[in-house]
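Undergrad: Below are the structure tokens for one structure; questions will follow.
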Amino acid sequence: MLLSDRDIRAEIAAGRLGVEPLLENLIQPSSIDVRLDRMFRVFDNSRYTHIDPAQRQDELTSLVEPGEGEPFVLHPGEFVLGSTLEVCTLPDDLAGRLEGKSSLGRLGLLTHSTAGFIDPGFSGHITLELSNVANLPITLWPGMKIGQLCLFRLSSPAEHPYGSAAAGSKYQGQRGPTPSRSYLNFPLPSDAVDAVESR
């Protein structure tokens, strides 16, 4: 069930749902508008010959922060990571879905490529996967509305919500645009397993 504005306000007032800092005018009929933080992760194409999800590639991206009062310019075909200004905390019986803003989509800005789902129990800044599919650069202003968070009530609370030991939560408590930790989804090579077991 998708939560209405009344439900969203009730969850916030009860202290079960956290969106900080929250302005009242960000609550929409069935979502909460989220704003863009000021940090971005840009890809450095000179560090690696290719992207390998199975490998830890710490130098694949670097953190960029525009000067005070300045936008970040996203060029045509460019892909960067951003994050929400708000820290979002979901209880164990609510899941979230991040959607783009219609006005920005009409300009060619994609807010996320595939990862718009937020698990129950998640807490942290939401990382945005920003793409420019337009033919001109797009200026991204820190603090601008960048997306909308829809909230869904589960049929029952999650047995192992995000952040619990059983969930394997790689991004719990993330601050700012957080690079991929996909390598943690791959089994360790046998020599690495031997090294860990010998400790």
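Each residue, glycine too, has its Cβ placed from N, Cα and C.
For reference, Swiss-Prot lists these features for the protein:
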- GLU129: active site, proton donor/acceptor (ACT_SITE)
- LYS101, SER102, SER103, LEU104, GLY105, ARG106, ASP119, THR127, LEU128, GLU129, GLN148, TYR162, GLN174: dCTP binding site (BINDING)
- 171-183: compositional bias 'Polar residues' (COMPBIAS)
- 163-199: region 'Disordered' (REGION)
- GLY116, PHE117: site 'Important for bifunctional activity' (SITE)
Undergrad: State the non-local partners of the compositional bias 'Polar residues' (171-183) in its own chain: residues 6+ outside its ends, Cβ under 8 Å from one of its Cβ atoms.
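TA: Same-chain contacts beyond the flanks: 37, 39-41, 53-56, 58, 60-61, 63, 80-83, 122-125, 127-128, 162-163.
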Undergrad: On a simple 10 Å Cβ count over all chains shown, which one of the binding-site residues SER103, GLN174 is most densely packed?
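TA: Going through SER103, GLN174 one by one, the largest Cβ count within 10 Å is at GLN174.
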Undergrad: Looking only at the compositional bias 'Polar residues' (171-183), how are its residues distributed among DSSP helix, strand and coil?
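TA: Helix/strand/coil tally for the compositional bias 'Polar residues' (171-183): 2 helix, 0 strand, 11 coil.
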Undergrad: Do you know offhand how many angstrom separate GLY116 (site 'Important for bifunctional activity') and GLU129 (active site, proton donor/acceptor) by C-alpha?
TA: 9
Undergrad: Say you check the Cα of GLU129 (active site, proton donor/acceptor) against those of the binding-site residues SER103, GLY105, ASP119; which is nearest?
TA: GLY105
Undergrad: Would you mind pulling the longest C-alpha to C-alpha span across LYS101, SER102, SER103, LEU104, GLY105, ARG106, ASP119, THR127, LEU128, GLU129, GLN148, TYR162, GLN174, which the record has binding dCTP, in angstrom?
TA: 33
Undergrad: If you draw a 10 Å sphere on the Cβ of LEU128 (dCTP binding site), how many other Cβ atoms land inside?
TA: 27
